[in-house]
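A.B. asks: Could you have a look at this structure, given as C-alpha cells, before my questions?
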Ligand code: HAM
C-alpha cells in the first residue's frame, strides 16, 4: 500500500522548497524592519472564533472549514486564516491595555476545504501582518507599502494593487440596503437570491458572466461613503501616492471575509490564471467586538507564499538554484575520510556551506555527486596528499586543480568564495 499527499495539498521539495523559505523571509522582512513583532498562534482554535470572526455567511465558514471534535468534546477548527487568531491572542493577553498600535507579523500554514486547482490549495502558507488598536490612515498605508516592498524585493515586476473602501458601521447599512434593492430586481438563481439577504456585497464578486452582465449598473460603495470614510480613504490614497505606489481603485473589491470595514486591498498577479490574488487585506475595526473584546480598530494583510512562488515562476525568476553548497569534499580512502570529516566540520563552523561524499562509492561516484551538488569547489584528499600535508582544491567550473596546505585551506577557500 502506498500513500499520497491528500488532494489539494503538495510537498515542497528541494530545490524549489528553498524558494518558499526565500519568499517567507522576503515578505516578512519589511514588516520586521517596521517594528512588527513575531507572533505564533496554534494551528487550531475554537470553532466559534472563526464562525464569529470570519463570518457565518462566508464561504470559508459555511463550506471550507476543517472542523473536528476533540477527545474532550470541544469543536475545534484548523485555522482558515490568521487574523481572528491574532485578535484572540491580543485580547487573551490583554495587550490592548498597553502601547498602541500593537504591531504583529506571522507566518504559517492555513487550511481551507476549497475546490483544488492551480494556485488554490487546501493547505497553503501565508505571511501576515496586523496593526491593532489605532485608527490612522497612515497605518493602512504603511501596511500596503510594506507588502509592496516585499514583492519588489523578490524582483516581481507585475504585481498590481487594487484598493477600495467598504465604509463603516455608519454608512455601510444604507449602501447594503441600496444594493439589496438593486439585486432583488435581477434575474438570479435561488442560492444567489438567498445571498442577497445574508451577504449582498459578495454578489459583486460573483465570477459568472451572466451575473456580472447584470451588475453593470449596481450601486457602488464608494458613492455611499460617509464624510469621515471618504476623508479617511482619500488620505490613504494620497499617502500611497506620496510613497510612490501606483494602484487602481476597484469599487467592486469586497473580499471574502466579513470583518472588513473601510480600506480593503488586494495584490494581483496576471500570470496566475484564475487564482490571481497573491495577497490581500484591509481594515477590520469591528472584529475585536465581534469576538467579545473592546473596540480595537485594526488593519492588516496576508500574503500567499505559494502563489508568490508561482508569480515568480511566471516572471522567470526561479532560474538560479538556491540552497546549494559552496564546497564538496571527496575523500579517497579510510584515513582521508576521517581527516576530511573534521575538515568539513571546521569549514562549516567558519560559515562555509559544505557537503561531502558519503557511502564509499569510489572517486567517480563522488565526483559526480560533487558536480550535482552545484558546489563551486571540490576538496579532494588522497593518501599522498595526507603524506604531503595538503589537499587538492578543484575549481568545478574551470577544472583547474591546485594543492593547498591543509593548515591553510580554510583561509584559501574563504578568499576564493568571498
Ligand atoms: P485572504 O484574501 O483570504 O485574506 O488570503 C490572503 C492570501 O492568501 C490570498 O491573497 C492568497 O494569496 C492566499 N490564499 C488564500 N487562500 C488560498 C488557497 N486556498 N490556496 C493558496 N493560497 C491562498 C486573509 O486570509 C486575511 N486574513 C487577510 C487579512 C489580514 N486581512 C486583515 N488582516
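Note that Cβ sites are derived from N, Cα and C of the backbone, with glycine treated the same way.
Residues annotated as domain 'Aminoacyl-transfer RNA synthetases class-II family profile' in TrEMBL: 23-322. Residues annotated as L-histidine binding site in TrEMBL: 81, 82, 83, 112, 126, 130, 255, 259, 260.
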A.B. asks: Pick out which of the binding-site residues 81, 83, 255, 260 has the most other Cβ atoms within 10 Å of its own Cβ.
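C.D. replies: Output for this query is 260.
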A.B. asks: Same-chain residues six or more away whose CB lies under 8 A from the CB of residue 126 (L-histidine binding site)?
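C.D. replies: For residue 126 (L-histidine binding site), the qualifying residues are 81, 82, 107, 108, 110, 302, 303, 304, 305.
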A.B. asks: For residue 126 (L-histidine binding site), which DSSP three-state class applies?
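C.D. replies: It is in a strand.
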